[in-house]
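Enquirer: One structure is given below, represented as structure tokens, and several questions about it will come after.
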Amino acid sequence: LAQSLLALFASSLAISLVFAIIPLCHNVVVLAVVMAVAGLAMGCIDTISNMQLVKIYQKDSAIFLQALHFFVGFGALLSPLIADPFLSDTNCILANGTANASSNLPHIRKSLVPHHPGNLSHYDLPMKGMVVTRVSYAFWIMALINLPVPIAVFFLLYKERMVPCFNGSSHPLLSADELALETRPGDKDELSTAGQRPHMAAGHEDLFSCCQSKNFRGASYTYFAVHITGALVLFMTDGIVGEYSGFVYSYAVEEPLSVVHKVAGYLPSLFWGFITLGRLISIPVSYRMKPATMVFINVVGVLITFLLLLIFSSSVVFLFVGTASLGLFLSSTFPSMLAYTEDILQYKGCATTVLVTGAGIGEMVLQLLVGSIIHDRGSYSFLVCGMIFGCLAFTFYALLVFFHRMYPKPSPELDEASPDKAAVPEDTGQYQR
């Protein structure tokens, strides 16, 4: 836990520093390096926060994962609103002929439709002159907004006596018994089993223990199959989130829909808005419904939505309805899949790293793939690609369920050291630090 909190502190502090530095980067190579550091820090936060919620809250982690990802979506929805007042509607550089260039900007935007770029050579935008943009303030405001996060993490480290230089007389925020969740009637036996799982095997107490080869000795093939199929489901679903939010605008402004540019601009906002709404709804729903059921509803809903989008591909109204529906079904897929896979693998946290990595790769790769296909085959291929990815997500989910049924059930006689076997906990009935 100390390693995880220190990594969260360093990563969240790095994000504030990066956002403060971005406006000062006057070289594209320097900017690329700075953005790479930001991506690395965000990846660390994503992985560690998911992994620790799973390891701390065990079977109750589904609710906390849904809450975590609601705030992820809420941040994605809120941050553009913070930046919007500082974005210029005219050119950001003052020079001779700036007035003419500024009046040409709307025409340039309409000409930059994919596949039909038009002749832009007659538009003269000045590249040298006095910079008048205020977008730097947006980055600095975001850096300040993020600053309380590393401060809060450091305070938690201090109160839990995990800072090497400050091991004084500070009292921990929570005692060991307060870390245990109150269970519903009939769950007391599960609590005694779940309470010690974070400390059950020596190989799983270290932050990087999942990479140690000794933990894979004696593992059945289903252990690896569950990891791989779970990661592939998120590869597809998170890839759909990335490619749909990235290209739905381009699809809408093309024929046969030919939606007005300003109206089409609302589609990504609508998509992310319903992702955030869906994650908020999923917090109470996950308390009543099993993660496996939620993932099934999600992947089937995505598949049906893309099928209807293909059938009604000429309807602008259904494009908006389908975008909202797709955001709703995709919203809880990631946290539900995380909870489901870790439930199969006895909440060791190792699966979380694999799943988060698979989701990140999918979001990157599928956007590149769909962008190149749209460029070659036209806008209709955007929906066809989504349908194919939805079918693949459902197929991989079916395989995951199949391997889940074949996965060995935990029993007290199994060896603690094996990564796909349950450990024998001491019956303490509470979490321990």
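Every residue gets a Cβ built from N, Cα and C, even glycine.
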Enquirer: Pick from 181-203, 411-433: which range does TrEMBL record as region 'Disordered'?
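Expert: Feature region 'Disordered' in TrEMBL: residues 411-433.
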Enquirer: Counting only residues 6 or more past its boundaries, what in the same chain has a CB within less than 8 Å of a CB in the transmembrane segment (221-241)?
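Expert: Non-local partners: 275, 295, 298-299, 302, 326, 330, 333-334, 337, 340-341, 344-345, 350-351, 354-355, 357-363, 365-367, 386, 389-390, 392-393, 396-397, 399-400, 403-404, 406-408, 419-420.
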Enquirer: Does the chain bring the transmembrane segment (263-281) near the transmembrane segment (61-82), so that three or more CB pairs sit under 8 Å (pairs 6 or more apart in sequence)?
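Expert: These two stretches do touch.
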Enquirer: Give residue numbers and ranges for long-range contacts of the transmembrane segment (318-340): same chain, 6 or more residues beyond its ends, CB-CB under 8 A.
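Expert: Long-range Cβ neighbours of the transmembrane segment (318-340): 50, 54, 61-62, 65-66, 68-69, 73, 230, 233-234, 237-238, 240-241, 244, 248, 252, 257, 259, 267, 270-279, 281-282, 285-286, 290-292, 294-295, 297-299, 301-302, 305-306, 308-309, 312, 351-352, 355, 359.
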Enquirer: For the transmembrane segment (380-403), which stretch among 30-49, 137-158, 293-312, 352-374 has the most Cβ pairs under 8 A?
Expert: 293-312
Enquirer: Report, as numbers and ranges, every residue of the chain located at least six residues beyond the transmembrane segment (30-49) whose Cβ falls under 8 Å of a Cβ in that stretch; write 'none' if there are none.
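Expert: Residues packing against the transmembrane segment (30-49) from afar: 4, 7-8, 10-12, 14-15, 18-19, 21-22, 68, 352-353, 356-357, 360.
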